[in-house]
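Below is one structure; the comments refer to it alone.
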């Protein structure tokens with residue numbers, strides 16, 4: 001417990017010191033000749049938003065200096081406990097989902113440990129045609145080796161409590177038959193060896209309540225998706241290593257690709273329905289963070305282990321799908337404001353809630369800072385509240401460069417370390433990694449203003465009490481045509497044109513500060529559309545190549561082969577499959 | 001939550017219920033506590 005406390009304190013000290021320094025520099029710059037009320041507001045916003053920027057970067061730097069340990073899970077025997085591998089689905093493509101289950105099952109069968117693992121498909125599917133298809137493809141799935149008596153399917157007619165309610169329903173009915181549950185998403189894919197290693201870790205540490213892996217994104221095909229995929233595989237493990245150092249035994253749970261101890265989870269994680277109406281009341285949306293906090297409250301260890309390889313997921317392929325998911329997460333994280341003072345929680349759990357809330361509140365705060373700066377530029381003769389500073393011997397660029405360093409330093413530190421520890425080699429060498437890091441910086445910088453406005457809108461909607469619901473994830477939707485992109489982002493273009501146009505007319509000298517944010521926002525429809533274009537199918541593209549593309553994991557190959565075989569057979573031998581109607585789907 | 005009889009599936013999920021008690025996440029107000037105490041005393 002000493003080490004996490006030390007790292008938390010050290011990171012907090014660094015973040016606080018740099019924030020105070022940054023705020024002081026900003027105040028000196030804006031306060032030349034006299035400080036107005038708007039200057040104080042802007043400084044407060046810079047300090048508040050800047051702190052979270054520095055905090056995130058400090059965590060990553062911490063991860064750069066932590067030794068890397070790779071655990072492929074290949075050593076060690078079979079686990080002792082029984083594990084239920086839970087696959088909650090909600091209007092997903094059953095062929096893709098079930099082919100992943102088939103691949104994971106074959107991987108466990110090959111290791112000779114399949115008798116210790118059951119798969120349970122927990123369907124909350126509400127579209128009846130999809131539900132009927134699930135039964136059709138379940139018939140195919142149970143033709144897999146050792147499937148009978150080990151692979152189960154059940155569907156709820158009403159998806160009460162969404163994913164958390166789905167899992168709770170399973171535990172309430174069958175939980176006592178299992179020691180552990182590996183909780184997956186419909187797009188999760190894990191090597192059998194990794195699953196076995198997780199179960200062995202649970203066997204070996206009776207206090208371990210939850211073990212979270214860092215899933216790597218796979219199968220991305222568009223520029224947007226591949227940029228995200230590269231960030232998740234090349235950069236995220238280092239950020240996670242830093243976060244894990246600070247979290248210690250009070251780590252995060254991301255809702256999937258994680259194993260829980262069944263009796264601990266059952267005893268601690270029955271989620272209540274919050275009083276009041278959505279978005280702040282009702283069922284808890286971002287249940288994973290809450291479940292991690294509750295396990296910690298119950299005295300169980302919650303560990304994040306970035307060293308475990310063989311854990312994969314898929315990501316959104318375009319900015320519109322990303323924003324849809326982000327809207328859901330935004331509502332879920334802001335709902336945690338109700339839980340920050342929940343009785344008995346560990347301080348770190350409360351801080352994690354605040355961190356999650358700030359991940360979304362940061363966007364409207366940056367926007368407010370931009371708006372306040374525009375006002376300051378438009379009305380330079382506002383009455384001063386305090387005498388200002390004199391002899392300012394540095395320019396505004398000092399602050400811009402400082403922000404850029406905070407944002408970019410972790411990425412280049414990861415690249416530098418990768419030259420020595422073999423990380424870059426797995427991604428095609430240092431030059432290729434450098435090109436991808438630079439590409440990721442360009443893509444994320446160009447899309448940042450659009451995301452800032454989208455997130456600000458989400459926050460405003462939640463604060464106004466508008467419930468975003470729980471739209472199903474649309475996987476495999478790639479290209480967004482210009483018309484659709486414009487339909488989704490016209491208001492962003494309008495805001496950007498009005499802001500930049502107003503500044504150019506009324507305070508042209510300040511346009512240089514506003515243009516870097518507003519020009520990409522004006523181009524939002526083009527950027528959304530261009531980044532959603534699938535990349536060439538011929539080989540691995542030069543940019544954003546990942547280790548799993550350059551040396552494809554066996555589980556990914558297996559899943560692709562099963563998917564191809566099933567879809568090929570499905571069209572050729574369709575007559576062999578009994579197409580059942582929805583009445584065969586038990587609820 | 002068993003599969004229907006004609007479902008081509010050898011064994012249904014185990015009947016092994018595990019209690020999952022609802023957790024307290026919201027702090028109760030003084031009024032709530034008073035109301036609960038009175039309910040307990042009056043047996044209602």
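Glycine residues also receive a Cβ, built from the backbone N, Cα and C atoms like all the rest.
For A:182-407, the entry in TrEMBL reads domain 'Glycosyltransferase 2-like'.
Among the features that TrEMBL reports, transmembrane segment is placed at A:46-65 (among others).
The feature transmembrane segment is assigned by TrEMBL to A:357-379 (among others).
Under 8 Å from some Cβ of the transmembrane segment (A:394-414) lie the Cβ atoms of residues 18, 22, 25-26, 29, 50, 53-54, 57, 60-61, 64, 234-235, 238-239, 423, 437, 440-441, 513, all in the same chain and six or more residues away from its ends. According to TrEMBL, the feature transmembrane segment maps to A:394-414 (among others).
With a cut-off of 8 Å between Cβ atoms, the residues of this chain six or more beyond the transmembrane segment (A:488-506) that come close are 320, 323, 374, 377-378, 449-450, 453-454, 480, 514-515, 518-519, 521-522, 524-525, 528. Taken from TrEMBL, the feature transmembrane segment applies to A:488-506 (among others).
Positions annotated as transmembrane segment by TrEMBL: A:513-531 (among others).
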Tertiary contacts of the transmembrane segment (A:46-65), as residues 6+ beyond its ends and Cβ separation under 8 Å: 7, 11-12, 14-16, 18-20, 22-23, 26, 235, 237-243, 245-246, 306, 355, 358-359, 362, 365-366, 369, 403, 406-407, 409-410, 413-414, 417
The domain 'Glycosyltransferase 2-like' (A:182-407) [mean pLDDT, rounded to integer]: 93
